[in-house]
Amino acid sequence: MNNKTVGIVGVGNVGATLAFILATKNICSTLLLKDVRENIVQAMALDISQATNAAKSKTITKPCLKDEEFKNCDVIVITAGIARRPGMTRDDLLITNAKIMTSVMNSITKYNPNAIVIIVSNPLDAMVYAALKASNWNRNKIIGMAGILDSARMSYFIFEKLGYGQGQIEASVMGGHGDSMVPLADFSTVAGVKLNTLLSEEDIEDIINKTKNGGAQIVKLLETGSAYYAPAYSTSLMIEAILEDKKKIYPCAVMLEGEYGYNNIVSGVPIMLGINGAEKIIELDLKDEQKIQFSKSVSSVQELVDTLEKKFFEEKKAF
Ligand SMILES: NC(=O)c1ccc[n+]([C@@H]2O[C@H](COP(=O)([O-])OP(=O)(O)OC[C@H]3O[C@@H](n4cnc5c(N)ncnc54)[C@H](O)[C@@H]3O)[C@@H](O)[C@H]2O)c1
Ligand SMILES: O=C(O)C[C@H](O)C(=O)O
């Protein structure tokens, strides 16, 4: 058993599901939970602790009602914020969640100077930007979860189309976690076999569109919120890679400083995840068409960041 502490801020659907995975799978020794809803955070800590005992896992889960109790975390996951409902895009959550993200970052940085922070709240790339801006922390320490989820969705849609290959599919998605994300069919394989060997162009196009629409599809069916099992599981993979210094390559949202030709903007790219967070950014050799799509995706995140800068950070400075 390691001696690691993971903290989760926001124990709604994604946060509570993630807590359940971490505690029952014995991924950390201590799990700290925080939420503005104090009864919920206590209920989740009790329920998850009892599940942990059923699982004979050693993780200790604690609710934190005060800022100073939520301390010395190795990894912190932020899922705090509102989720979209049918008819909304993730971008509609921008200002509400930026306020929440800024207040959460202000409250956690003081007591957790060594933490690596994983952002889940949407709109994802803009929230990573807001968290970096609120904390002034280095870019390796604040990383967004989305690429693993989007790639898992793409893998599922490939399986759905083929009817075989589950467990052998490696799909790849980069760019922002929005409608203009960039599923990379060329970099996706089934047991090493390229997609275009197995599927027609039309089928691949259909998989790409379904992947881009994967979150909205679940929002429409759920009616009251958005997906949480696949998001929580994807986040747990990032946590394991960091805590165990696995140096695994995953698509995650990070601040670009020259990579792919972009600066001061967050986007999803393959990175190496280890004990220091985002330890390396990998630059794929993209084709011209993929570069154009990536550039459109970056531009849509840039629009959100510009709105944040004008409507949120400028206004905050004025007070
Ligand atoms: N990056 C991704 O791929 C991905 C995937 C799924 C969900 N999301 C996003 O994650 C967020 C959470 O989704 P969810 O389904 O868990 O929503 P949810 O409504 O079930 O949970 C959100 C939780 O945040 C809490 N919260 C709100 N303000 C807070 C604050 N200031 N401090 C602490 N806690 C606070 C709420 O009380 C609630 O328990 C949403 O923004 C959603 O869009 C992102
Ligand atoms: O779709 C959403 O709003 C939640 C999340 O970003 C997802 O992709 O499931």
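Glycine too: its Cβ is placed from the backbone N, Cα and C atoms.
What TrEMBL says about this one:
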type     : residues                                                                       : note
DOMAIN   : 6-144                                                                          : domain 'Lactate/malate dehydrogenase N-terminal'
BINDING  : Gly10, Val11, Gly12, Asn13, Val14, Gly15, Asp35, Asn97, Val120, Ser121, Asn122 : NAD(+) binding site
BINDING  : Arg84, Arg90, Asn122, Arg153                                                   : substrate binding site
DOMAIN   : 149-307                                                                        : domain 'Lactate/malate dehydrogenase C-terminal'
ACT_SITE : His177                                                                         : active site, proton acceptor
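DSSP assigns Arg153 (substrate binding site) to a helix in the three-state reduction. On the 0 to 100 pLDDT scale, the domain 'Lactate/malate dehydrogenase C-terminal' (149-307) averages 98 in this prediction. For ligand 1, the neighbouring binding-site residues among Gly12, Asp35, Val120, Arg153 are Gly12, Asp35, Val120, by Cβ distance under 6 Å. Closest in space to Asp35 (NAD(+) binding site), of the recorded positions given as Arg84, Arg90, Arg153, His177, is Arg84, taking the CA atom of each residue. Counting residue by residue with DSSP, the domain 'Lactate/malate dehydrogenase N-terminal' (6-144) contains 67 helix, 24 strand, 48 coil.
A straight line from the CA of the residue listed as 'active site, proton acceptor' to the CA of Gly12 (NAD(+) binding site) spans 20 Å. In this structure, the recorded positions Arg84, His177 were compared by how many other Cβ atoms lie within 10 Å of their Cβ, and the smallest count belongs to Arg84. With a cut-off of under 6 Å between the Cβ and any atom of ligand 2, the binding-site residues Gly10, Asp35, Arg84, Arg90, Asn122, Arg153 reduce to Arg84, Arg90, Asn122. Between Asn122 (NAD(+) binding site) and Arg84 (substrate binding site), the C-alpha separation comes to 9 Å.
Between the candidate binding-site residues, Gly10, Gly12, the densest Cβ environment within 10 Å is the one around Gly10. The full span of the recorded NAD(+) binding residues, Gly10, Val11, Gly12, Asn13, Val14, Gly15, Asp35, Asn97, Val120, Ser121, Asn122, taken as their largest Cα to Cα distance, is 17 Å. Recorded residues Val14 (NAD(+) binding site) and Arg153 (substrate binding site) have their alpha carbons 16 Å apart, per Cα-Cα distance. Taking every pair among Arg84, Arg90, Asn122, Arg153, the residues recorded as binding substrate, the greatest CA to CA distance is 19 Å.
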